[in-house]
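Engineer: Below is one structure. I have some questions about it.
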Amino acid sequence: MSETPTDAAVTQGDTARVEKEAAAAERKAEPSGFGALLRGGAGHNLGLVLALALLALVGVLSGGERFGSVDNVMTILRLAAVIGVVSIGMTFVITGGGIDLSVGALVALSSVWCTTLSTQAMANDYHWIFIVTTALLVGAGAGLINGLLVAYGGVVPFIATLAMMASARGLAEIISARKTQIVSVPGFTDAFSRDIFGISLLIWIFVVVAVIGWILLNRTTFGRRTLAIGGNPEASRLAGINVRRHTVLLYVLVGLCCGIAAVMLISRTTVGSATHGQLYELDAIAAVVIGGTLLAGGRGTIVGTVFGVLIFATLSNVFVINNLSISAQAFTKGLIIIVAVLLQKRFSRQPGS
Amino acid sequence: MKLKSARLSRQTARRIGTGLVAGVAVLALSACISNTPEKSENAGGTSNAKAGSNDEAGDKVVIGFSAPAADHGWMGAISEQAKATGDSYEDIDLRLAEGTNDVNLQISQVETFINDKVDAIVLLPFDGAAMTPVALKAMQAGIPVINVDREFNDPNAARVTVLGDNYGMGVSAGEYVCEQAGGNEDAVVAEIAGIDSLPLTQDRSKGFKDALAECGLDVDNRVAADFTVEGGEKAAGNLLQAAPKIDFLWNHDDDQGVGVLAAIKNADRDEFTMVGGAGSANAMREIESGKGVLKATVIYPSTQAADGIKLARLLVQQKAMSDLVEVTVPRTIQLDAPVVTEENVDEFLPTAFES
């Protein structure tokens, strides 16, 4: 905003240089392309692949056909889809040096706002797409407030989004009067319960969001700027990147992802509710961090996040299939998070990453 | 001198520390021992069950069970009792899913049961409406669903529904108060509700109000808590401040009742009769002792899911409820909300839950 003469003096050349450096750093940290996947950051991904393979092995050994069947794989992917979309958005915010604790509450708020009687009436009169756009707008709008608070209000991301977490869930409860809002727009439920090539639309949405996220982070200026800002906001600012505007965009992006997740959750449950998305912030952060994105920012990986989400979804599934006691499941889950992060640290310390 | 006392206190601190560790270890150990499920008396499905009775071992039945997170004494008891019932039958293979308040996860648990082709699913949904689509899917796949406590919004989504009676709880509490008041229409009645915006709380309060109206009483002071000990303590503290003299107090939930009793003790009040709700074991022991203000509690059975498991077994083995003439299992079973007092507490204590 209030740019000092020094800032103004920064040339376009500097911007390009910083972005190039960030890109170089990124290439070093997480190389793109198949060949590069095996080197460097692949140490990371290799650990994740191993972990997932190990889980799948446990699943097959203990569950056999029950685990390996196509139906079961689809069940795992459908479970992963909703939280996966949120986690992709979270990857951007964390890579950019921030954090968003409000994602679960935003899913709840979006789901409630787009299923109010008036929204449904309009959707019935015009088109079901009205529900979808409402959800996306609410998510993005709440994200915008988060972003403005962090970037221009100077509020620490942890606190700004903590406040949003409380307020958004409270607002969702006020709007819905803590009742479950059932969607009775036939077009909407029909459209989203569809399969494409035998695969649930929810899974396709996750795939599309992940691919777009990967391109955005690895192949665009936007992605390079995100990495630069997360790595060193001050240097990025001096190099002429509009750090504040970019930060706002990151929070809008994660808000948008929450809107998409809300639509997916509504299609899965046919209801909008203020209780939707409980503890999603923790699930998403866990998936992102296990995936190898640096919590301090400056390094991010979409592929890692996707693996992180799949690992948790598979874990839940293996638990159910093996009929483990309820408390043992929660205990093991925590244990596995620690083991995964320790393993990941060991892998990332190896040369070449 | 100073030095000595410092060393002494450090020693004491260390000793206390060791004591604490040992204490915690003993506690942990005793927790392990005391929590081992007691041998159920009505152990069935065994060869020593009477031939021809419903408990006689039949074909193997695989049952999937899913419930919300056990973040409340009653909900914890729901899962415990379901598991104990499953274990007591040798012909039941019970699949337990992790208790969760995330409908996305609960849906996937039911999907896993469907993929597994279990024989029946017993489901206490976190949100009845949200779990309806996947319950319908199970029913369409030919797997009977037993819906417990929180109803689906489509009757086709469940083969059997087991429900508690929230309105009936209020009525039972109100009738007990009327009986104790003995025609005194000036008695001061107070009420500590659970989470006020929940339909179940509204049902309970309505039942209480309706029953009180029958004998010319009404609720003079009403506050709402949130089903937790802490919330109960706070709400009761406020209520006792607001009402200097109370004759009867109904508290909706025995979990929050622990906090309510603490507040009553702190305020040093004992002029009234208190009635509890849900029916926890510690509340019943308090009633049994007959010393405190808590004289009665109204049951909201924590055995609903256990009943669901039993019904699932009967359903799959094509048996019926043997005390009815009907040859199949009924569609809906609504449980009673009886009042527990000093006289009949022995009868209810064994199936009560520890909060």
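Keep in mind that glycine also has a Cβ here, set from the backbone N, Cα and C atoms.
Taken from TrEMBL, the feature transmembrane segment covers A:46-64, A:76-95, A:126-149, A:155-175, A:196-217, A:248-266, A:287-313, A:319-343.
Looking at the shown structure, can you explain where the listed features end up?
Structural biologist: Using a Cβ-Cβ cut-off under 8 Å and counting only residues 6 or more beyond its ends in the same chain, the transmembrane segment (A:76-95) has close neighbours at 103, 107, 157, 199-200, 202-203, 205-206, 209-210, 213, 216-217, 226-227, 230, 250-251, 253-258, 260-261, 264-265, 268, 277, 280, 283-285, 287-289, 291, 293-295, 297-302, 305-306, 308-310, 312-314, 316-317.
Residues 100, 102, 106-107, 109-111, 113-115, 119-120, 155, 157, 160-161, 163-164, 168, 183, 185, 187-188, 191, 247-260, 262-263, 266 of the same chain lie 6+ residues outside the transmembrane segment (A:126-149) yet bring a C-beta within less than 8 angstroms of a C-beta in it.
Within the same chain, residues 93, 98-102, 104-106, 108-109, 111-113, 116, 142, 145-146, 149, 274, 281 sit at least 6 positions outside the transmembrane segment (A:155-175) and bring their C-beta atoms closer than 8 Å to a C-beta of that stretch.
Outside the transmembrane segment (A:196-217) by six or more residues, the chain places 74, 77-78, 80-82, 84-85, 88-89, 91-92, 95, 223, 226-227, 257, 260, 264, 267-268, 300, 302-303, 306 with a CB less than 8 A from a CB of the stretch.
When Cβ-Cβ distances below 8 Å are used as the criterion, the transmembrane segment (A:248-266) is approached by residues 81-83, 85-86, 88-90, 92-93, 96, 98, 100, 103, 106-108, 110-111, 114-115, 131-132, 135-144, 146-148, 150-152, 183, 188, 192, 202, 205, 209, 222, 226, 272, 276-277, 280 of the same chain, each at least six residues removed from its ends.
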Engineer: Apart from its near flanks, which chain residues at least 6 from the ends of the transmembrane segment (A:287-313) lie with a Cβ under 8 angstroms of it?
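Structural biologist: Long-range Cβ neighbours of the transmembrane segment (A:287-313): 25-26, 29-30, 41, 44-45, 48-49, 51-52, 55, 76-77, 79-80, 83-84, 87-88, 90-92, 94-99, 210, 213-214, 217-218, 226-227, 229-232, 337, 340-341, 344, 348.
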